[in-house]
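Below is one structure, written out as structure tokens; the observations come after it.
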Amino acid sequence: MAQIRIQNVRKEFGAFTAVQSSSFTVEDGEFFMLLGPSGCGKTTTLRMMAGLELPTSGEIYIDGEEVGMKPASQRDIAFVFQMFALYPHMNVRKNISYPLLSQGMPRAEVKARVEDVARILKIETILDRPVGGLSGGDRQRVALGRAIVRRPKAFFMDEPLGALDAEFREHMAEELRALHDRIGATTVYVTHDQLEAMQMGDKIVVMNHGVVEQFGKPQEIYDWPATKFVAKFIGSPAMNFFDFDGMIDAGDTVIELSGKRVNVPSSRQGAKGQLTMGVRPEHIRFSDASEYRGRVLATEYLGTTQIITLTTPNGEVKARASSRQAVRSGETIGLEFNPGTLTIFEGEKGRALLSEANEGVLRHG
Amino acid sequence: MSSYSVTEPSGRQKLFAGTLVILYALITILPLLWIIGTSFKSPSDAIAYPPKTFFSPTLEGYVNLFTTRTRATEEDVKALGEPTTWYDRIVRKDGFIIAGPSRFMERFSNSIVIGFGSTVLCIVLGTAAAYAFSRFKVPLKDDLLFFILSTRMMPPIAVAIPIFLMFRSLGLNDTHLGMILLYTAVNLSLAVWLLKGFIDEIPIEYEEAALIDGYTRFQAFYKVVLPQAMTGIASTAIFCLIFAWNEYAFAVLLTSGTAQTAPPFIPTIIGVGGQDWPAVAAGATLFLVPVMIFTIVLRKHLLRGITFGAVRK
């Protein structure tokens with residue numbers, strides 16, 4: 001088990017920069033998610049950590065040792081591929097024992113270890129079957145078995161649930177997390193599914209265009225996104241953005257949104273020009289007392305909650321409210337924002353301004 | 001109206017398809033059967049008109065193929081005493097005695113050495129090149145691949161004269177090495193292209209998994225890629241062997257003695273009073289055997305490859 005530290009790692013493929021100077025740390029025993037849209041560099045980052053790609057520059061430390069230029073076979077890590085990559089010409093038992101055979105482990109010990117792992121994953125009955133006929137879930141378990149059998153320093157997983165159908169994915173996600181809790185191994189997991197990331201991860205790195213946008217615990221990232229990209233990528237429906245032209249000074253607790261005053265957490269930074277106020281759908285409340293008004297366009301019933309789409313002077317927004325609240329399309333209602341939850345983003349880069357509420361989260365990263 | 005299935009053919013369709021397949025098989029196999037039949041005929045039966053479908057079989061053709069014979073007077077034959085072996089008896093019936101073995105065994109083993117030698121060399125070089133082209137960044141990759149392909153754009157015999165001159169100055173004329181190199185050169189482009197296609201199909205993740213499992217690049221290639229490329233290697237080997245085995249023009253041009261292969265030799269088997277057709281047919285029949293065995297042995301891989309592909313994706 002080990003801590004993994006990535007420092008200023010950069011990867012270029014010819015003229016294309018896949019990963020731009022990224023740094024983050026995966027603590028020992030953490031379930032760590034690399035999250036981002038396709039092409040954001042998350043898989044390249046993982047492959048550099050595993051030694052399947054060499055970084056153009058920067059350092060990768062596993063357990064305190066710099067391994068950036070070491071081949072994968074010398075890093076003592078395990079990798080679970082999206083398509084599992086079980087050796088098709090071997091049966092389940094041989095697949096799982098393959099990493100042990102490379103170390104020249106005695107046969108009796110290999111056998112014991114494989115059976116041990118099979119018991120953990122509940123695949124004892126299929127050990128002598130060829131991998132060709134296995135179901136997706138069993139293939140997944142065999143791939144995990146091949147990874148954990150060696151007791152490596154860390155596990156790297158590249159969208160391991162991506163090849164499973166939706167129903168089964170949920171189940172495997174739980175199984176994976178339970179397995180991690182049981183063996184406590186440092187795990188780095190790549191996914192483009194923000195729900196999967198929040199559901200399973202101890203910590204999340206959000207990447208976009210080869211840049212680490214934010215790095216932290218799922219709830220910190222959800223509540224206090226560092227950039228507009230993160231705010232939009234995480235959460236469904238996404239965070240609402242109210243674009244406005246205006247200014248905010250350090251210490252201000254009020255902004256002016258289309259002529260109406262809105263309370264915000266006390267700002268630590270000043271900015272002016274193009275600004276955006278971000279608010280999660282569940283932090284919008286309806287109140288006739290509010291001066292800020294919007295017209296209901298549509299409602300979506302989701303069981304316990306409903307999503308209400310409104311048009312406001314600052315664009316379309318979505319609010320989440322209890323299903324019991326009666327809202328009719330076409331009516332105009334007042335909107336109130338929970339002041340402790342608001343984030344102001346500045347200008348084109350869309351960086352979040354530090355405030356009393358989010359500085360605890362954003363300063364450390 | 002009876003129900004019918006889209007996937008399960010009806011009895012009548014099966015009958016029709018079966019008849020068609022058997023008919024086609026008969027048409028293609030008939031010349032082969034005729035050659036095998038002729039190899040067991042006596043020389044006079046072989047040239048009988050109308051052709052004889054039913055005849056009394058004899059091994060005369062095979063005996064004539066493997067031996068050289070001289071005509072002997074009756075006294076000479078008598079002086080030798082009773083024939084001791086069945087083949088002596090066959091030969092003496094026509095008033096001949098066996099003078100010695102023919103060159104057929106030499107030519108046949110030349111064919112085996114050159115055919116299999118060039119196939120093995122071709123597969124080794126082809127697999128290595130195909131793997132490199134498939135997996136690594138090779139400078140000018142597309143140009144190199146096109147260049148390799150371009151060697152197939154004319155019939156190989158078009159360069160017979162330059163090759164003849166080249167071989168003469170290198171001392172490769174009529175040598176096993178020369179023929180192995182020549183057939184390898186002709187086949188290699190096909191082998192590289194075919195094998196590259198097969199290796200491209202093998203997901204790179206298998207090798208990466210092996211690399212992470214602690215194996216070196218070569219071990220990953222040897223233990224993970226090769227077993228999965230067996231289908232491609234088997235079919236490529238069959239193509240290479242069939243070409244080298246059947247090749248006639250270069251063999252006529254470049255070999256005459258020590259390294260002569262069976263194809264230019266078989267038609268030169270001369271009998272007494274005309275071509276010895278049963279012996280030629282016997283040579284052709286035996287000539288078929290190695291390729292047939294090779295293909296049957298590798299057929300298992302070809303079939304397994306087909307079912308493999310079906311479940312992998």
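In case you wondered, yes, glycine gets a Cβ from its N, Cα and C as well.
Pulled from TrEMBL:
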TRANSMEM  B:15-36  transmembrane segment
DOMAIN    B:108-298  domain 'ABC transmembrane type-1'
TRANSMEM  B:112-133  transmembrane segment
TRANSMEM  B:145-167  transmembrane segment
TRANSMEM  B:179-199  transmembrane segment
TRANSMEM  B:220-245  transmembrane segment
TRANSMEM  B:277-298  transmembrane segment
Stretch in B:15-36, B:112-133, B:220-245 most in contact with the transmembrane segment (B:277-298), if contact is a CB pair under 8 A: B:220-245
Residues of the parent chain within Cβ reach of the transmembrane segment (B:220-245), under 8 Å, 6 or more residues beyond its termini: 111, 114-116, 118-119, 122-123, 126-127, 131, 183, 186-187, 190-191, 194-195, 197-199, 202, 206-207, 209-211, 290-291, 294-295, 298, 301-302, 304-306, 308-309
Same-chain residues near the transmembrane segment (B:15-36), Cβ under 8 Å, at least 6 residues beyond its ends: 9, 281, 284-285, 288
Cβ contacts under 8 Å made by the transmembrane segment (B:112-133) with residues that lie 6+ beyond its boundaries: 141, 144-145, 176, 179-184, 187-188, 191-196, 198-199, 221, 225-226, 229, 233, 236-237, 240-241, 244-245, 259, 261, 290
